Amino acid sequence: MTDASLVVTDLHVEFSGFVAVGGVSFDAHPGEVRFLIGPNGAGKTTCIDAITGLAAATGSARLGEQELLGRPVHKIVRLGVGRTFQTASVFNELSVLQNLDIAAGRHRHWAALLRTRRDVDPSIVQALEETGLADELATPAGILSHGQKQWLEIAMLLVQDAKVLLLDEPVAGMSQDERTATGELLQRVAAKRIVLVVEHDMDFMRRFATRVTVLHQGKVLSHGTVAEVQADPRVQEVYLGTAGAATTAAMSVVPDVSAVGLASSPAVSAVGLAGSPQTAAGTQQQED
Amino acid sequence: MTKLRPRLSLFGIGAFALLLLGVAPLLLTDHWLGNLGKYCCWAMAAVGIGLAWGRGGMLVMGQGVFFALGAYSMAMHLTLETAGDGVPGFMVLYDPLAPLPAFWEPFRSAAFTLLAIVLLPVIVAGLLGYALFKRRVKGAYFAILTQALAVALATLISSTIRETGGDTGLSDFKYFFGFVLDDPANRKLVYLITAALLVVCLLVVRQLYRSRFGELLVATRDAEERVRFLGYDPANVKLVAFVGAALMASIGGAMFVPIVGIITPAEIGAAASILMIAGVAFGGRASLFGPALGAMAVGWGQSSLGSTWPDGWTYIIGALFIVVILFLPNGLSSVLARFTAARRSPGEQPAAATATLQLEEAKS
């Protein structure tokens, strides 16, 4: 679809004196599932907010030749940057089809808006099959399950033809099967698009990440492949205090356990209590 | 809910048109036909409020402003038509040598008046809406602001008695574009024009609600930020609905003048604007017929109960309001929808079948 990459350089975001993001740089390319991880308050969501125009930022975020920072939200979207939110935000009163139809509408002429929809856009049919929502076409989005809402959001990004998909905790609250399905979906989607995932769930990250950037207190702590990041002692320290042994247990073993399960397992909770405030307990909370 | 069954709504508008244009003129006395015409004027403003508030989520509490733009444009033209080449009587009253104010002059032209009725609200609502929506003014702030504008305009008219007639308003129109208004046949014609315009307003919003724009408007109402992240500017979506609502209010106001025969600041001020909202809430703000029928019902209550038992009427409308908001937040029109939903078995969804068909067609 595109060869353009998302390149973020020296990103700064400040909220009335508090530095939420202080000089973060990373890049993301089509063909990889890029992860942005870090403890609560590390500035992951703020990075996405800055790239999408929701938070004022300095530095640079370029998609190909285009500078994104400083443009209004809807103009950034029109350049091909799409995002989801931590809490799925779909149009609850509208059906799945209507939701997708609105998402597909940005390429339409304004006069087409005044007409009634007569058929289903081919891109919508494709996105429905891709996300497994074909049977829910007429269902009001408000009564979809939590996981289905997240998929609907991804489907909306697909019909929107976003070149960049910025996903904020796409698997939060999903069952294990749903997580696997979402991860596989993201890998398929990433073949042609840039996919950047903000996640707390280490297990999900380990299974599906191509490259990872770890943020801590608004700065890049480490980046590389999953194995490289896991081996980095600074990452181990941030995530689990100084208990290096527990790191291995938390980050590489524990197969079928979600973030919530991870935090509630006794060994990790103990470390969380003993270590810095931003440890395992943070992994189950949603970031503001 | 948001999907109107196409045939049924068109059939409904047809039946409504038949009643207003065919049955009512045969059955009603001239007096009640005039009253019905008046309710139609309020209903036009109400249909617009349904569009802006019910579907667009903008609580427009100052539709009296746009009602006034249409009404005073029309009233100035009719006043000048009655005065002939001279200066309107009420102006001479204060100063026998008073010249006609400059802004009155163009309203001698019928064409200019008709254009003003359409263009003035579009321009004013366009500028106002642009300034407000681009700055993301919404919710209570928006409502209070529009309400304040209605108060301001009513006060302005009250205080400029030499130019606008003040609290006495403009009245005693003899001609309506050349037709003698005293003639019952001509009055019937004015009524028929008004009723037809109301039907046109309903047809326009029906198409808007069924269109992609209608879906986008509901989406903007429910999750404005999400719409922004789909690449639309919600301000533009809201602007279209707001301007549409203003235009309908203006046309209603314009027809109000020949039907009622007088326009005063009391008809366009805060209380009048709120009464328009009351009708919409009563009938069901998001439905197609709710706003129009609600406004007509409130209008009827106003002129029958309001004149025979004015003290009681205030309590009745207040009590009705409380009951509707407590038990029927979507207005009286939701009673029918609830009834059919309760009768239908939960698994059966008529919309699902058509949507699946659409999908099959698209695949093949």
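The chain as shown is numbered from 1 upward.
In case you wondered, yes, glycine gets a Cβ from its N, Cα and C as well.
Straight from TrEMBL, the features:
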- B:36-53: transmembrane segment (TRANSMEM)
- B:60-80: transmembrane segment (TRANSMEM)
- B:111-133: transmembrane segment (TRANSMEM)
- B:139-157: transmembrane segment (TRANSMEM)
- B:189-209: transmembrane segment (TRANSMEM)
- B:239-263: transmembrane segment (TRANSMEM)
- B:275-300: transmembrane segment (TRANSMEM)
- B:312-337: transmembrane segment (TRANSMEM)
**Q.** Recorded stretch, among B:60-80, B:139-157, B:189-209, B:239-263, maximising Cβ pairs under 8 Å relative to the transmembrane segment (B:36-53)
**A.** B:239-263
Q) For the transmembrane segment (B:275-300), which recorded stretch in the set B:139-157, B:189-209, B:239-263, B:312-337 gives the largest number of Cβ pairs separated by under 8 Å? A) B:312-337
Q: Count, for each of B:111-133, B:139-157, B:189-209, B:239-263, the Cβ pairs lying under 8 Å from the transmembrane segment (B:60-80), and report the range with the highest count.
A: B:239-263
Q. Taking contact to mean three or more C-beta pairs under 8 angstroms, with sequence separation of 6 or more, is the transmembrane segment (B:111-133) in contact with the transmembrane segment (B:189-209)?
A. no
